[in-house]
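Here's the structure, in C-alpha cells; my notes come after.
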C-alpha cells in the first residue's frame with residue numbers, strides 16, 4: 001500500500017482533495033468579488049433581522065420562529081460556502097485535507113438542506129393562516145412550530161450524517177483526488193472512489209427527492225391553495241396585496257429551487273462551469289434575498305423596526 005495513503009480497516013484514504021473550480025473562464029476573480037459582496041450583505045441583513053426578532057417581543061410569534069430559523073440557516077449556509085470558496089480560489093488553496101473536505105461537505109449540505117425544509121415550513125405557516133384562519137392559533141403554536149423546526153434539523157442531520165458516513169467508508173486509488181466542483185461536493189467525491197459506492201449512489205438519488213423535491217412540491221401546493229382561497233373570499237384590493245406578496249415569495253423559491261433542479265436533472269449533460277455557476281448562485285442569492293422578501297417587505301416587521309428606532313434601542317442618544 002502506498003505510504004501516502006492513510007489505511008484504516010482496508011480503506012484507502014487520500015491525503016488531499018483537489019477542488020478544480022472553473023476552467024477556461026477569463027476574469028473569474030470578478031465573480032468571486034461579487035460573491036464576497038453578496039456574502040457581506042447576507043450577513044448584515046440576516047443579522048439585523050435576527051436582532052430585531054430577538055429584541056421586539058411583538059415578533060415572538062410562531063411565524064417568526066421559522067423566519068429566525070431561516071435567517072440563521074442563511075448565515076450558516078453562506079458562511080460554509082463563500083469564505084471557503086474565496087480561500088480556495090482567490091488564494092490558491094485548492095488542496096484540501098481529507099478530514100476538512102468531509103467537514104466542508106457535511107456543513108454545506110446540512111445548512112442547504114435545512115434552508116430548503118424551512119422554506120416549506122414558512123409556506124405551511126402561510127397556508128394555515130390564509131386557508132384555515134379560524135384554526136391558525138390552534139394548529140400553529142409556539143410549541144408546534146418549535147417541534148417542526150426541530151424536525152427539519154433532525155431530518156437534515158440524519159440525511160447528511162448518513163451520506164458522510166458512507167463517504168468515509170469509500171476507498172480511493174489516488175493520493176490526490178480531483179473534484180470537479182467549487183467545494184467538496186458529494187457527487188464528484190463518491191464517483192471518484194474505486195470501491196463499491198452503491199450506498200452513496202442511493203443517497204445521491206434520495207437526497208434530491210427528500211430535501212429538494214418534497215419541499216418544492218409542498219410549496220407549490222400550498223401557494224396554489226392560497227391563490228384559490230384568495231380569489232374566493234377577498235376583496236380586489238386585498239387580493240392584489242396578497243398576490244404581490246405570494247408572487248415575491250414564489251420568485252424567491254424559484255431562485256432557490258430551479259437552479260438546483262436544473263443541475264440535478266441535467267447533471268449528465270451540463271459542463272462543470274455551468275454546474276458551479278448554478279450551485280454557487282443558489283448558495284449566495286437566496287440567503288441575501290430572504291430577509292428582504294420575508295420581512296423587510298412586510299408591514300409588520302417594518303413597524304417593529306420603527307418602534308425600536310423610536311425607543312432608541314438601536315441608536316441610543318448621547319448623554
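One is the number of the first residue shown, and numbering goes on along the chain from there.
Cβ from N, Cα, C; glycine included.
Noted in TrEMBL for the protein shown:
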- 30-55: transmembrane segment (TRANSMEM)
- 45-294: domain 'G-protein coupled receptors family 1 profile' (DOMAIN)
- 106-124: transmembrane segment (TRANSMEM)
- 145-167: transmembrane segment (TRANSMEM)
- 206-230: transmembrane segment (TRANSMEM)
- 250-271: transmembrane segment (TRANSMEM)
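Long-range contacts of the transmembrane segment (106-124) within its own chain (CB-CB distance under 8 A, at least 6 residues past either end) are made by residues 63, 66-67, 69-70, 73-74, 76-77, 80-81, 145, 148-149, 152-153, 155-157, 159-161, 163-164, 183-184, 186, 207, 211-212, 214-216, 218-219, 222-223, 249, 253, 256-257, 283, 286-287, 294. Counting Cβ pairs under 8 Å that are 6 or more residues apart, the transmembrane segment (145-167) and the transmembrane segment (206-230) reach 3 or more and are in contact.
Within the chain, the transmembrane segment (206-230) has long-range Cβ neighbours (under 8 A, six or more residues past its boundaries) at 109, 112-113, 116-117, 119-120, 123-124, 126-127, 130-131, 155-156, 159, 163, 186, 238-239, 242-243, 246, 249-250, 253, 257, 260-261, 264.
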